[in-house]
Amino acid sequence: MAGVPRPCPAVFGVLLVLAVTVNGLSRSDLLDYGVQFGDQLLDSGTDVTQQITLDQLVFFFDENFDKVYVNTNGFLSVAEPPAESEYLGKMPAKFGIIAPFLGDLDTSDGIGKVYFRQDNSPDVLQKITEKITQAFPHEGEVEPTHALIVTWENVIAHGVPERGDDLNKKRSTFQLVLMSTELSTYAILLYPKDDLQYYSTLVEGERKPVEVGFSKGLTQGWFSWRSTQGPYYRVTTDNEDSVRELMLLTNSGRRGVWVYHIGSSTFQSVTPGQVTTVEYETPDYPPYEAETFSPETPSIEIFTSTTALPESEILSHVEAVPQNAAQPSYTQAGYPLSPRSQQPAQIQPNNPQVVIVEEEEEDLNVNVFSYYETCSTNRHKCSSFAECRDYTSGYCCHCKPGYYGNGKDCVADGKPQRINGKVKGRIFVGSSPTPVEFSNNDLHSYVVANDGRAYVAISTIPASVGPSLQPLSSIGGVIGWAFALEQPGYENGFSVAGGVFTRQTEVTFQPGGEKLTISQEFKGIDEHDHVVVSTHLEGSIPEVPEGATVQIDPYYEIYQYSSNLITSSSTRDYTVTLPDGSTQTLVYLWRQSVSFQSCPHAEGSRSIPPSQQLSVDQVFVMYDSVNQLIRYAMSNKIGSVNGTPQQNPCYTGRHGCDTNAVCRPGQGNQFTCECAAGFRGDGRTCHDIDECIETPQICGAHAVCNNQPGTFRCECIEGFQFASDGHTCVQVDHPINHCERGSHDCDIRERAQCSYTGGSSYICSCLPGFSGDGRSCQDIDECQTDRCNRDAVCYNTQGSFTCQCRPGFHGDGFTCTPESEREKTACEKHRESMLATSSGGYFFFRPRPAVGQYVPICDSYGEYEPTQCHSSAGQCWCVDRNGQEIPGTRTGPGSRPMCLEHSVFPTVFGPTTRPDANLVSPGTNLLFAQSGKIDHIPLDGTNMKKEEAKTVIHVPDQVVIAVAYDCVDKMVYWSDITQPSISRASMQGGQPAAIIIKDLGSPEGIAIDSLSRNLYWTDSILDRIEVSRLDGRHRRVLFDNDLINPRAIVADPANGRLYWADWNRDGPKIETSNMDGTDRIVLVKGDLELPNGLTFDHHSRQLCWADAGTRKVECIDPYTRLRRKIVDGVQYPFAIVSYGRNLYYTDWRRESVVAVDRVAEREVDQFLPQKRSRTYGITTSFPQCPEVNYCSSDNGGCSHLCLPRPGGFTCRCPTLNNGSCVERDQNF
C-alpha cells in the first residue's frame, strides 16, 4: 500500500486526532450507596433474605405491594422466597420476583455487601427521572414520589473454586432501582463496565448462566382453584454472552443502563426502554503531527473524503449498535422469543478506530483509518475445504466447488451428515404440577443430504412425556432446514449460516394456550465431522395419552432473510388418534428466529433471496416406549415462495443415487449420479476413499492422518503443534520437565528423587536412608549407630532398618522389657488351657496336644497369629484379634489364606443390623452400581455366580456413580451426583449414612485406603482431588490445578501410590503421585480418548484402564512403563476392577458386567442384570485386607491425616486448619 505523504503545515494545518468513544457506565455512575448515605446492610451469607416495609406502594404487573424482600442471590421479591433450591435454575419462579442478577451469590467473606434504602429526596428522584425520560422519550412527564435503591457490591459466586486469596476472587457489582409514581412503577437495572466479572454460578453442581428478568409467579384463575404460571419477562438467555452484554448494550441510551415499566393499576405487559442506540462523545486529545505510513504497514485501509462526513456516517465506521439489541420479544404469557434481533457489534476498547481531521482554512476533510485482518494471517480459520479471499475491509472464507457451507464450515455436496448433542430443560405436561426434567438426554440425527430426508432421535424419554412430544417434530425441524434439498437458485440453512448459529423458538398450543420455548445452539463441526448442537426446552405442552399416535400433514414455512437474522412463523395442524380409535385435530402456532454471524466483507458478492419456502412432507413421528425414544423423520426442500416445484429427480429426491453421492440435473428429467468428495464409485454405489493409505504423506511431516468417512483429519504428533497456516506441524518450543518425562539421570526412584527446578533443569537427591550425589546412592547401615534397644537385635534394610527384641523380652525393639514382667495375653491363656486339657495331668515332659485337638498359635507378642491351622485336618483360616474365625477364609490342605496383621487396625464398630438388610455372601464378591442401587455378584474363584446376584443397597433417590469397599469395617462407599454426596453403609447390615455433603460438585471417582483409614475422591466440576478420613473429617485438597474432567481414581496403599484418569477430550491422560500429593507425574498420555475406568492389581503390579473412546482395555506397569493391550472393540466401558487373572468392567451400552481374562486377552463371561439400565461403578469386597503400610498403626502418630508414600509417610493437616494440627514427614 502506498505511503501517505506528510501534509504541508501551511496548507493543511495541524492534524487533530479524535477517538470516538462510547459513554459507558462506571461504578461512580451508580446512585450513591453505603451506610454514609443512610443505607441498611443485609446480613452476610448466602441465600439471606430481609423484609422491607415500604413507605409507598409499588406496582408489579397488575398488583400493588406494601412490602418486598431483598435477597443475597441478586433479586427482590414481592413474597417471602422459599429456599434457593426451589428457584435457582428453575425460572420462572412460583413467586413474584424482580431479578437483576439471579444466581447463587455469596457475601459471607466480609468483602461482598448488599445495601438498601428508601429515598424520596428531590436530587435522587431527579436523577432517576432523567434515566426514565431518556429511555421513554415519547411518553409524557414522569412525576416520581418514591425510590427503593438496592446495591449488590463485590459479591462472589457461591461454591465456585477460585485461585488465590479472597481479594483475588471474581466479584460483581450491580444496582436495582424501583421508582414509583402514584399510579405505576419502573425498574432501572445498572451494570458498571468491567464490574460483572462472572456470568454463571453453580446450581445443583452445574454451571448455569445468571438470569435477569421479571416473573409474576403463580396466579389464581377466575373459575378454577388451580394455580397457573403467570407472565415471565426474560432479559437474558441461556447463553453467558447475553449476561456479558448487560454491560455493553442498553435500552435507555446509556450502556449498562436498562429501564423497564413493570407495573401499574391498568398493567398489560412489561415494557422495555425504547432507546437502543448509545450516546457518543469525542473527548479532547493532544494534537499529533501527521506521519507517513510505509508500504510495509499491512491491513490498513484509508478512506479519504473531500467533504465532511455526517456524524452518523463517521460512527458507522466505528461501531453500529443494532436496533432493539438485547430486547426480548414479549408475548402475553411472558415467554421471550429472542433476546436480541441480531448479533451485536463486537466492542474493542483497546483498539479504537481513529478519525483524522485535516484543517484547511474553514473546511474539514475527514480520513478514517480502519484496521482489518487479511488471509495472510487468518487462512487457518477457514475450513480445510474452503478458500480465503481478501476484500477491501477484511477477509472471507468460501467453500470450494463440490462443497457447501459458509466457508468456516464446509461439507461435501451430497454427503450424509450426522448431528449429535444433548437436550436439557423441563416441561410441564397437561395439568401435572410437576415438570419432567431433561438432563443431558442424547440427541442423534442423520441426514441424507441428496434427498433432504432427516432422521432425529432423542433418548431416555420417560412415558410421562414421550407421547406428548410427538407433535413437536420441529424440535429436529431446524436440522431438516439446515440440510434441506436445494431448488435452483435457493440455499438451505447450512449454505447460509454454516454450522454455528442459534435458534430461538416459541410454540403456542391451541386451544389450551400452553407455551413451550426451544433454544438450540449449533456449535459447528467437531473432530469426528459431526455437527454439535445443544437443546434447551422450557414450558408446558398439552397431554397426549399413552398409546395415542400423532400424524402431521405436509406443511410449508416461509423463511425471511436479513443480515445475520432469519425468522419464520407458521401454523401447524396435527391429528391425534386415541387408543379407542377416535381422532381429534389440533393446532399450534410456531415462531422462530435464527441468528448467525455472516461475513460482512463480501455481502455484495452474494445474493440470498429475501424469502424462501421450506416444504416439509413425509413427516413421521413415533414414541418408542420400549427403548424410551422419541423419533422424528421428514423430507425437506427449500425453494421459491411462489414457484412451481422442479420435477427433475435431483430436486424431488427421487433419483436412486447412493447416499454418499450428489445428484447432477440434466435436461428435462435427466440426471447423473456423482460420488461426493472423499468417495469413489459410479454414483449409484460409492465407497469411502482412505486418503491416509492412498496418500501417506498427505498430512506432511510430524503429523498423523486419521481417516473419516468422506474426509480425513491431520493431527500433530506429541511435541509439535500447527503453525499459523493450520496445516504445518512445527516443534513446540517449551521447557522439558525431565522428572515428569523420565528422561533424567537420577538413581532409581527407590533410592533417589528427581526435583524439577524450572526451565529444563532438575536436581537429584538421595532419599532418606541413602547417601550419595543423587545420581548414585548407597544404603546407610543404621545398625552401626546403636538405634535399637540394648536388649534388641538390629536388622539393616535398604533405606531403613528394623529392631526386634531378643528372646525373653517383649516390645517394639526400641523399648524391650523382660517377658516375666508382663501379664499373659488371651492367646497365651487360651493356648495353655488347651495344652493342659489335652495332656490330662502333670508330667515331667512338655505338654503335647491330643490327636485331633486344635491349639492356637500366638506370635512373639502373645497375640493370636492372623493365620491359624489345624494340623490334623490340614485346614487353615484367618482369625480376628480375639481369635474368632473370619467366615469365608478357611482353605483346604496345601493352601494358606492371606490374613491381616491384627495390630494395625482399631476395633470395628458399626451400625446395627436392619431387619430387611441383604447381607453379602462370605468370600469375595463383585459390587456394582446401577442407578439408585448397588448389586453384588458372588465369585467362585474368578467365575461369577450369577444365580446368587442380588441388590444389597437400595437408594432410589440417588444416582450412584463410584463404588469402593473398606475391607476392615466391611463398609461400602459410594458417590451420588444428584445431591451431590459421598455415603457409606455396612455390608453386615445398617442404615446408609452420608459422610460428605458440602462443597461437592460432581464426585465421580472414589478410592479407599483401608490401611491408613483414608478416603480419596475426584470432582469433575470443581476439578480437584481431595482426601479425608473415612468418616469425612479432616478434608484436604490434594490437587486443584491442571485437572479438567478427573473421574476414575485408585490407590496402592501398600506402596503409597495414587493413580487417577482425566478424560479431558482435548488432552486425556492418566496421572500418578504419592498418596500425600508429592511426586505428581503423567503416566499415560498418548492413544487415549475417554479413559473412564481404572484399577490397580497389587499382585501383578499392573495398572489397567478401560477407554470408551478408543474402545480398548489396556494395562501398564507403572514402574517399567511397559504397556499392553488386553482387548479392543469393547462398546462403552465405564468402570473396571481387577481380581485374580480377570478384569471386570461395566458397560453402558451393553448394560452389563463383562469379565475379561487378561492372560488369555479375551472376554470370558457377561452378567446381565434382571432390570436393564446403565451400569456404573464396580469394585470387589474381600473377607480380609492383604497388606499393611506405615500409617496402619496408630495413624502413624499423626494428629489428623497420615498419608503414606514410598519409604515413609507424611502427617498432613486439613485444608481448613484451626491451628491444632502440625505437619511433619517420616522416613524409614
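Numbering starts at 1 and runs along the chain as it is shown here.
Every residue, even glycine, has its Cβ placed from backbone N, Cα and C.
TrEMBL annotations:
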- C869-C876: disulfide bond (DISULFID)
- 100-265: domain 'NIDO' (DOMAIN)
- 415-648: domain 'Nidogen G2 beta-barrel' (DOMAIN)
- 646-687: domain 'EGF-like' (DOMAIN)
- 688-730: domain 'EGF-like' (DOMAIN)
- 735-778: domain 'EGF-like' (DOMAIN)
- 779-815: domain 'EGF-like' (DOMAIN)
- 824-899: domain 'Thyroglobulin type-1' (DOMAIN)
- 970-1012: repeat 'LDL-receptor class B' (REPEAT)
- 1013-1055: repeat 'LDL-receptor class B' (REPEAT)
- 1056-1100: repeat 'LDL-receptor class B' (REPEAT)
- 1-24: signal peptide (SIGNAL)
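Outside the repeat 'LDL-receptor class B' (970-1012) by six or more residues, the chain places 159, 202, 205, 904, 908, 910-914, 917, 919-920, 927, 929, 934, 952-953, 955, 957-964, 1018-1022, 1028, 1030-1032, 1035, 1046-1051, 1053-1054, 1058, 1060-1061, 1075, 1094, 1177, 1179, 1181, 1185, 1187-1189, 1191-1192, 1195-1196, 1202-1204, 1209 with a CB less than 8 A from a CB of the stretch. In terms of DSSP helix, strand and coil, the domain 'EGF-like' (779-815) has 4 helix, 16 strand, 17 coil. When DSSP labels each residue, the repeat 'LDL-receptor class B' (1056-1100) comes out as 0 helix, 23 strand, 22 coil, counted as helix, strand and coil in that order. Outside the domain 'EGF-like' (688-730) by six or more residues, the chain places 377, 379-381, 384, 412, 415, 527-529, 660, 676-680, 1085-1086 with a CB less than 8 A from a CB of the stretch. Comparing the disulfide-bonded residues C869, C876 by how many other C-beta atoms lie within 10 angstroms of each C-beta, the top residue is C876.
Mean pLDDT, taken over the domain 'EGF-like' (688-730), works out to 83 on the 0 to 100 scale. Shown for the repeat 'LDL-receptor class B' (1013-1055): DSSP residue counts in helix, strand and coil, namely 0 helix, 23 strand, 20 coil.
DSSP assignment over the domain 'EGF-like' (735-778) gives 4 helix, 18 strand, 22 coil.
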